[in-house]
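Encoded as structure tokens, the structure appears first; notes follow it.
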Ligand code: G3I
Ligand code: 9MR
Ligand code: ZN
């Protein structure tokens, strides 16, 4: 448990941009409040909360205290009814360190290399998972499998989740290069290529190994048959690794992310860009040759993450969009137009439903390069989606776009994905409400929520301390690996620990900071990556 007791008076525990709107939440009837200087107790601002409203997701009344009128940089606390909030800053650029920490998390997820003390501090460990993997069903066929990022609290490596994580980071870099001017630093830092591209390349080099050289399809995943025990360090996880069969979903997002990489790395390393583009085209040909294939299912003797996804049209759609955007080749445009006519979600950014990456790639290509009718339609649909999210935000006590039903396994990804969509709508539609709503999602992640938790390890006054993350459990360091976004409240209570402790809790309170709770307190690369994207928007 955290040293700090949960408070009903919640803020973004990092702080607020000086120029933006600022508000706290109080999970009871409010009244007069003060914002005080944290060091002197001197009053800097005084106000009155709005009347409390019942919040369905949290199951409590919530009142909102607005202190946007205060913009003087400093460190403050809120005081109301004799209670005090976490300290927080008002600053011109409050999220720069958080942003670096969220990006550095990917370095900590690295597999196949030693994490040296110089970069990893007390979380250093030996190189892991260096053995060749066996192609499942072909016991005599072994292939190089080293590198990339561990998926999560487990040590599996999965193609689709890896593609989503890289896509978020590359999109963040494309749209917000200013946020990536600082060095992390990483072993590869050279002052020339931005560190985010070094980090993504570490994963891309591994993803390239997931392409079956015989067919061009991408293996769905690379894992041991079962998960190791929770306290096993990566270098001690020595069970055989298996390449699980090629799937269309994996091949589609592999093609997409490789086409994206070809475009972005072109400026820094032409040979690598060529390699990525060839891999993308080869994967695309596999997709054309396999128009209808069943989705991936774990064979009976495999117990690691399935990441099943029977719908692969969205991955094909995304691949066509990126290949078109990167090459300008009309054949890909034609394929995209045809796929756009099919029914599947076009504005989801998940590990299964990836349609939004395709829609956004097309929109980012710009009206001059695309079909005006389709461009206009996708833009309108994006704004409609974002308006729906805004409507949910305005009814939510904490200002976010989740309905009570949306608190599922990995709800913090839903929070960050929706903030991403709002920011894209801001880019294409201009309304500041979109940007402000996205910022409210950041405040939720950093502590302004029903449980007063910062859901990012190592950041904030009351961060999660016991993530379901094997290195954090197995090492001898008290503090968890920092910068990790944990899954978040999950009304499904999909593990024994949640079932035991959280019966009857309101959706936004279905969370326990216990290392056994994998369905609420695990970490993954694709929960960190949309957080990097969203925070990038707010970093100067
Ligand atoms: O989308 C449906 C929603 O429509 C429905 O209302 C809701 C009700 O339960 O369920 C939603 O589906 C959930 C789905 O995640 C949403 O993404 C499923 O219940 C839930 O079981 C499923 O959880 C996935 C979990 O694996 C179990 O398969 C998580 O998304 C996914 O992030 C997680 O991934 C694991 C890997 O398998 C192994 N590595 C760690 C990683 C993180 O825990
Ligand atoms: O540790 C595993 C975690 O990474 C997965 O997300 C989760 C769901 O697939 O499973 C965890 O492993 C648990 C297993 O499913 C059930 N027995 C306890 C395991 C945790 O040590
Ligand atoms: Zn490893």
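Cβ coordinates are placed from backbone N, Cα and C, and glycine is handled just like the others.
The following features are taken from TrEMBL:
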{"type": "DOMAIN", "residues": "10-84", "note": "domain 'Cellulase Ig-like'"}
{"type": "DOMAIN", "residues": "95-534", "note": "domain 'Glycoside hydrolase family 9'"}
{"type": "ACT_SITE", "residues": "468", "note": "active site"}
{"type": "ACT_SITE", "residues": "513", "note": "active site"}
{"type": "ACT_SITE", "residues": "522", "note": "active site"}
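522 are the active-site residues among 468, 513, 522 whose C-beta comes within less than 6 Å of an atom of ligand 1, given in sequence order.
Cα spacing between residue 468 (active site) and residue 522 (active site): 4 Å, rounded to the nearest whole number. A 10 Å cutoff on Cβ-Cβ distances gives residue 513 (active site) a total of 19 other Cβ atoms nearby, all chains included. Checking the active-site residues 468, 513, 522 against ligand 3 with a 6 Å cutoff on the Cβ atom leaves no residue at all. Residues near residue 522 (active site) in space but far in sequence (CB under 8 A, at least 6 apart, same chain), listed by position: 152, 153, 467, 468, 469, 486, 487. On the 0 to 100 pLDDT scale, the domain 'Cellulase Ig-like' (10-84) averages 98 in the predicted structure. Residue counts of the domain 'Cellulase Ig-like' (10-84) by helix, strand and coil are 0 helix, 39 strand, 36 coil (DSSP-based).
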